[in-house]
Each structure stands twice: as structure tokens, then as C-alpha cells.
Amino acid sequence: MPSTLEGQITIEKTPCYFVTKEVPQRIYNMSKDIKLIIVVRDPVTRAISDYTQAATKRPALKPFEKMAFIDNTSRIVDTKWAAVKIGVYAKHLEKWLKYFPIRQIHFVNGETLISNPAGEMAKVQDFLGLKRIVTDKHFYLKDSRGFPCLKKRPGSGRPHCLRNNKGRTHPHVDQTVLNRLRDFFKPFNLKFYQMTGINFGWS
């Protein structure tokens with residue numbers, strides 16, 4: 001990490017940190033007082049999004065249902081498939097709590113970040129001890145995909161919207177498949193709610 005002067009905050013982001021087992025200890029060794037921000041979303045939706053991204057790069061990829069289950073007869077969820085494994089948040093969080101107290105970790109609700117970005121950003125700024133500079137005045141919905149765009153300072157250029165490789169249309173997934181996945185994730189979600197003290201409302 002680059003040096004940070006007094007009054008500055010340095011932020012670095014890498015999605016795979018949360019699910020890589022060696023990372024919590026490495027970060028702790030670097031700075032035990034660091035503040036951590038983790039963005040989470042409904043693990044079923046996250047798995048479909050993960051699959052959608054992979055399918056754009058690999059058109060010959062098997063259908064989602066065949067990836068999610070060991071076989072379609074038993075409908076046993078394939079817990080080794082990364083798209084499923086990553087969404088078992090409680091197991092990943094357990095590794096982090098061995099090194100960091102829950103007060104040093106802030107959880108951003110991915111769904112609310114889209115529907116109410118200013119509200120989620122207010123919580124992030126409070127967690128970091130910053131003034132609430134980023135407010136609802138900085139966001140507007142112009143993206144046809146339903147994602148908010150960020151307004152920059154006046155005269156600093158065009159507003160920032162997500163790139164075209166974000167927010168791809170998800171493939172249709174049969175409701176029985178969704179229900180089976182929700183049943184699988186339910187106990188892990190409930191444990192995650194208990195660990196974080198937050199009910200994310202994933203049904």
C-alpha cells in the first residue's frame with residue numbers, strides 16, 4: 001500500500017480478497033487497525049451474474065443448471081463451483097473474524113447500493129469517519145440497465161457510468177432451480193445475518 005499522510009485515507013479494492021484464505025492474515029500483518037469494506041449481494045443472483053460473465057467469454061459453457069448441480073436428477077448443489085462457493089459468505093467471514101473484530105468491517109448491501117446509492121455511501125462515509133460529502137446530488141439514473149451514474153465535480157468532465165461489460169442481461173433460470181439454490185443458501189445466509197447483525201433480506 002502507498003504511504004498515507006495524516007488526514008488522508010488510502011483505499012484499495014480487489015474482489016478476490018474476501019474469499020482467498022491467506023489474505024486475512026496477510027492484511028493483519030500489514031495493518032491490524034485497517035478498516036475493511038465488503039460488498040455483498042443475494043448469493044443466488046451473484047451466482048447467475050458470475051455465470052453470465054463467464055458465458056460471454058466462453059460461449060460453449062454448459063447451461064447454468066448443469067453447472068450449479070452435480071447432476072440434474074438429485075439436484076445436489078455443486079459446492080465446488082466457484083459461483084456457488086463464493087456466495088457462502090458466512091464461511092469466508094469466519095476466516096476474517098479470526099484476525100479482525102466485526103467493528104472494523106463494514107458491509108455494503110449490493111442491492112441497496114443500486115437502488116439507493118446515496119444511502120449506502122452515507123454509511124460508508126460514516127464508517128470511515130468522513131464528512132458526508134457524497135450525497136444524492138451526486139447520483140442520477142440515466143443508465144438503461146438500471147444502474148446509477150456518478151456525477152463528477154462541475155467542469156471535470158462527463159459523468160461516470162458503469163462500463164458496458166457490467167449489468168449484462170441474465171439468462172432465464174427455471175424457478176425450481178432458483179428455489180433449490182435459495183434452500184441451499186438459506187442456512188448460510190441466516191448465519192451471516194447473525195454474524196454481521198444485519199438482515200439483508202435474501203429470501
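Here the Cβ of each residue, glycine as well, is placed from N, Cα and C on the backbone.
Looking up C149 in TrEMBL gives a disulphide bond whose other cysteine, out of C16, C161, is C161. It is 14 Å from the Cα atom of R168 (3'-phosphoadenylyl sulfate binding site) to that of C161 (disulfide bond). The Cβ of H170 (3'-phosphoadenylyl sulfate binding site) lies under 8 Å from the Cβ of I48, S49, T52, each on the same chain and at least six residues away in sequence. Straight-line distance linking the Cα atoms of C161 (disulfide bond) and T169 (3'-phosphoadenylyl sulfate binding site), rounded to a whole number, equals 17 Å. Annotated pair C149 (disulfide bond) and T169 (3'-phosphoadenylyl sulfate binding site), C-alpha to C-alpha distance, rounded: 18 Å.
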